[in-house]
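Let me begin by presenting the structure, written as structure tokens, before commenting on it.
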Amino acid sequence: MPKKGKKMYPKLAFFLSILSFHILTASASDPDPVQDFCIPNTELGSIRTSRFNLETCKNPEEVSPEEFIFSGIKSPGNFSNTGLSAISVNPAVFPGLNTLGMSFVRADLKVGGINAPHFHPRATEIAYVVQGKVYSGFVDSTNKVFAKIIEQGEVMVFPRGLVHFQMNVGKSSATIFGSFNSQNPGTHRIPNVIFGSGINDELLQKAFGLTLEQILVLRRKIIFP
């Protein structure tokens, strides 16, 4: 047992938080599995229904340990013009996650970089700061902001469907590991949804008090950064 007053190791705190998150969200929106696991059998393909692609599972005798291991988040991916690199990990790239009701993401932020306001319609997210100092928060349905600077070893939860955001306020790069209680959480980025989806320009002018020229400038920045 650790001595009284000593801090819990960051890695141990992280794994305990992830474990608690998935225990508390056992009734996630994804269908409950009917077997231990289901590694998709790519040779047989999938069956399309109105809501899901039903994957045909491999025979468990043919499944190897490597199919439950993913090595694609050892280093950051490509950075966007907002200073964000995000590597999403779901069953499409990591078959071992299939039917388990979860997915995750590695996010890296350059100094001053942001993860623009966005939300996940099908999942709650828990974000663990691996390194750095991040201004992190969300907005609830009464328009109240819950935001704070969180640092290495700290965790923040973003309730399902609520807009949330992150910004690196430290003096070095930041790395965040996010976990979702859905294998397909979905992502709607607010700037892209508003100015990059094709919503009528007149409606946007009236909603935001912008001129058509200002809307076109914003649209160009978002679609062609």
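Each Cβ is built from the backbone N, Cα and C atoms, and glycine gets one as well.
On a predicted model such as this, the values are computed, not experimentally measured, just so you know.
Taken from TrEMBL, the feature signal peptide applies to 1-28.
The number of other CB atoms found within 10 A of the CB of CYS38 (disulfide bond), across every protein chain shown, is 22. Annotation source TrEMBL lists disulfide bond at CYS38-CYS57.
As annotated by TrEMBL, domain 'Cupin type-1' applies to 71-216.
Sequence-distant neighbours of GLU125 (oxalate binding site): residues of the same chain at least 6 apart with a C-beta under 8 Å from its C-beta are VAL157, PHE158, HIS164, GLY178, SER179, PHE180, PRO185. If you look up TrEMBL, you'll see ASN115, HIS120, GLU125 marked as oxalate binding site.
As annotated by TrEMBL, Mn(2+) binding site applies to HIS118, HIS120, GLU125, HIS164.
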Argmin Cα dist to CYS57 (disulfide bond) over the binding-site residues ASN115, HIS118, HIS120 returns HIS120
Let's see if you can do this one: DSSP helix, strand and coil counts over the domain 'Cupin type-1' (71-216), in that order.
22 helix, 59 strand, 65 coil
What is the nearest of the binding-site residues ASN115, HIS118, HIS120 to CYS38 (disulfide bond), using the Cα of each?
HIS120
